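**Q** I have a structure here, written as structure tokens, and I will follow up with some questions on it.
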Amino acid sequence: MPKTLTELRHGIDQVDRELLELLNRRAALANEVGELKRAEGSPVFRPEREAQVINGLQGANTGPLREDNIAHIWREIMSACRALEAPQRVAFLGPYGTFSEQAAIQFFGSSIEKIPSVSIDEVFRATAAGTAEYGVVPVENSTEGVIARSLDLFLATPLHIVGETSLLVRHNLLRKEKTMEGVEVVLAHPQALAQCQGWLNEHLPEAERRAVSSNAEGARLAATHPQWAAIASERAATEFGLHIAAHAIQDDAFNRTRFAVICLPQTLSAPEASGKDCVSLIVSVPNRPGAVHDLLVPLKNHGVSMTRFESRPARSGQWEYFFYIDLQGHPAQPHVAAALKDLQALCAFYKVLGTYPVGE
Ligand SMILES: O=C(O)C(=O)C[C@]1(C(=O)O)C=C[C@@H](O)C=C1
């Protein structure tokens, strides 16, 4: 005899009571961890430990829950436990409703103290000043390439990277009206305008494109004017009471943005090895033939994979560049340490931007 709906729900109720008790037992243990950490003055947030917890559970999972479900559920559980130890203050490019806020929640879970900031510069400033313990900044978009301002600020500030996360970025046309008719102005962050330019050329060729400090700010303004529209997330539509006049208008269906999580080294020094890690570096080499080629030799010799290589002008007027390099592995691994040592010897400038668990 198959069970009835009432019987099945009774089963779920029982399991939920057991889960509640188990979760509270977990939270009480986290509280004790918090006391230990306070006594020794060590950081509450431990990204390598959180990565290990999730990887371990995904490995042990026999279903029917999917691995991405496990990651989401435990990220929230650990976020709640972490907040019991001490709520973490996290700055991001605001206002509420931005993809940066979504990235902050995806990385830290929702039990955080949110600090929306007016610009990328302000996220760095708030984090460097201690107003926020952590900052979340965009570093790269799969359609438009690097976020130059973030890369330049990494060079100019003492902040380092302790984590990363990436989001599938779906842009929508938001408006007070339900349709696209009569749109005179489209407001968005310059990156979003660029990511949707093909769609705008085709569907709203006459509308003025107006750059604003964030997509959510565009949505806030669009809510004040019936002839204005914004390019922003569904979250922003809810936040500002707007209709979605057109869904998923980005030119690339797989448009992703990668975000870095930054902090002062005294807030959290480099996370220990989690088993799946990455090292980010900024280097420059003497301006001579073959110098960039030589950078790759230590990596090849020690079997270290490079996952990213970007250049930014050094602004010396001499056609010199800084190179932003990501390597797979952790300096605690001897072959990675050896490659870094040989690499450093070749560089005129060498800065480890961060060592952290590879993100989603
Ligand atoms: O293991 C720790 O250090 C904890 O503080 C516990 C815990 C968790 O809930 O599992 C919470 C916060 C840390 O970021 C890592 C893990």
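A Cβ is built for glycine as well, from the same backbone N, Cα and C atoms used for every other residue.
Quick paste from TrEMBL:
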- 12-39: coiled coil (COILED)
- 1-89: domain 'Chorismate mutase' (DOMAIN)
- 89-264: domain 'Prephenate dehydratase' (DOMAIN)
- 280-357: domain 'ACT' (DOMAIN)
- THR257: site 'Essential for prephenate dehydratase activity' (SITE)
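Can you walk me through where each of these features ends up in the structure?
**A** Panel annotation: around the coiled coil (12-39), residues 77, 80-82, 84-86 of the same chain, lying at least six beyond its termini, place a Cβ under 8 Å from a Cβ of the stretch.
Under 8 Å, Cβ to Cβ, and six or more positions away along its own chain, THR257 (site 'Essential for prephenate dehydratase activity') finds PHE99, ALA103, PRO138, GLU140, ASN141, SER142, SER166, LEU167, VAL169.
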**Q** Which of the three DSSP states, helix, strand or coil, fits THR257 (site 'Essential for prephenate dehydratase activity')?
**A** strand
